[in-house]
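K.L.:
Just lifted these from Swiss-Prot, have a look:
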- Lys79: active site, proton acceptor (ACT_SITE)
- His98: active site, proton donor (ACT_SITE)
- Arg20, Lys79, Gln103, Arg133, Phe137, Ser291, Ala292, Asp293: L-saccharopine binding site (BINDING)
- Arg132, Gly215, Arg216, Asp239, Thr243, Tyr263, Val290, Ile330, Asp331, His332, Leu333: NAD(+) binding site (BINDING)
- Cys217-Cys261: disulfide bond (DISULFID)
Amino acid sequence: MSKSPVILHLRAETKPLEARAALTPSTTKQLLDAGFEIYVEESSQSTFDIKEYEAVGAKIVPEGSWKTAPKERIIFGLKELPENETFPLIHEHIQFAHCYKDQAGWQDVLKRFPQGNGILYDLEFLENDQGRRVAAFGFYAGFAGAAIGVLDWSFKQLNGNTKGTKGEGEGGELPGVTPYPNENELIKDVKIELEKALTKNGGQYPKCLVIGALGRCGSGAIDLFKKIGIPDDNIAKWDMAETAKGGPFQEIVDSDIFINCIYLSKPIPPFINKEILNNENRKLTTIVDVSADTTNPHNPIPVYEIATVFNEPTVEVKLDKGPKLSVCSIDHLPSLLPREASEFFAKDLMPSLLELPNRDTSPVWVRAKQLFDKHVARLDKE
């Protein structure tokens, strides 16, 4: 007797300016061809047109209809569900939930699953037999983060870098950014702003420091820097060997742009703190915390407290000395290039999705379920 087909329900993303999709039209077709049933919600913010899904044979349903969908559907999305919703979750969910690393409010996020006998397969923790993530947005997170870093540095060169309040001319923060249709358009815009800044400052390129340079995210940041023409000598590429001695690091203070791309898996000494930054001779004016462990008690960049958003991409670090310093801590940076990031991610995820009919025995899914059970058990204790 053959198994019933896996039924996936692609929910519409609700996070503001989240234009990515967990399934693309091309990966939807692959799954349909493999015998899956797929429902796709209409979405007001997806980079993909609903007609693209319809054309490959998906069933189109209204936005938000997953809440009343039959229990046998697996609800598939990317970002977390809205915080103001608290009803129990009855389905199996595949998504990034951000509740396994003691983030603020993790219990409230996680408890909804056992309350409804639902299951969470967290995309961040789908790992192969070697312990590596099967799919990640890291490359485009680093790429987009570096782009915003250069835009912010250029903005400061052009508009002055004195401290002030938002919107008061000099001292204002970087204006909002919106998703780009493709990588080339983003590169073009960043190059234009960089060239203006170089004209103003006598052709001095920024000194950039990337921590986590050997990973997906760091390689994305370095790729952006190279594609817009920043000389290789101006890009310091740090990884675990360089940070082994423990921070804070004066080398960050002496750079113009600092990009943090590490994956935080355990407590480490901070890379920087307000004491080392509060210096008249500081060069650093732009931090991009791609890792965005904003609410993690072990955040290695403990100089800001909010996650920024695309329409207000930076927040000022309050310091008494030195030039103005801003942090970008957007936690869904790949949305700046939603189509390419979605295709890249979905392609990597495809072999694991094709294993969903065997999720009770397939190692990737079994490990994800065991991790879910482990953290649910913590709910009772904490």
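We number each residue from 1, going along the chain as drawn.
Using the three backbone atoms N, Cα and C, a Cβ is placed for every residue, glycine included.
Mind mapping these onto the model and telling me what they sit next to?
P.N.:
According to DSSP, Lys79 (active site, proton acceptor) sits in a coil region rather than a helix or strand. Packing around Lys79 (active site, proton acceptor) is summarised by its Cβ count: 19 other Cβ atoms lie within 10 angstroms of its Cβ, all protein chains included.
Residues near His98 (active site, proton donor) in space but far in sequence (CB under 8 A, at least 6 apart, same chain), listed by position: Glu80, Trp106, Val109, Glu124.
Annotation note: Ser291 (L-saccharopine binding site) sits in a coil segment as assigned by DSSP.
Annotation for Leu333 (NAD(+) binding site): same-chain Cβ neighbours under 8 Å, separated by at least 6 residues, are Tyr140, Ala141, Ala144, Gly145, Ile148, Val290.
Other C-beta atoms found within 10 angstroms of the C-beta of Cys261 (disulfide bond) number 28, with every protein chain shown included.
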K.L.:
Tell me, which binding-site residues from Arg132, Arg133, Thr243, Asp293 are within 10 Å of Cys217 (disulfide bond) if we use the C-alpha atoms?
P.N.:
none
K.L.:
Radius 10 Å, atoms counted are CB only; among the binding-site residues Arg20, Arg132, Arg133, Arg216, which position scores highest?
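P.N.:
The most densely surrounded of these binding-site residues is Arg20.
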K.L.:
Would you count the other C-beta atoms found within 10 angstroms of the C-beta of Ala292 (L-saccharopine binding site) for me?
P.N.:
24
K.L.:
Near Ser291 (L-saccharopine binding site) in space, meaning Cα within 10 angstroms, which of the recorded positions do we find among Lys79, Arg132, Arg216, Thr243, Cys261?
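P.N.:
Of everything listed, what lies within 10 Å of Ser291 (L-saccharopine binding site) (Cα to Cα) is Cys261.
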K.L.:
With DSSP assignments reduced to helix, strand and coil, which class does Gln103 (L-saccharopine binding site) get?
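P.N.:
Gln103 (L-saccharopine binding site) sits in coil per DSSP, no helix or strand.
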K.L.:
When the Cα-Cα distance from Lys79 (active site, proton acceptor) is computed for each of the recorded positions Gln103, Arg132, Cys261, Asp331, which gives the smallest value?
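P.N.:
Considering only the listed recorded positions, the nearest one is Asp331.
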K.L.:
Which ones, of the binding-site residues Arg132, Arg216, Thr243, Asp331, have a Cα no more than 10 Å from the Cα of Ala292 (L-saccharopine binding site)?
P.N.:
Asp331
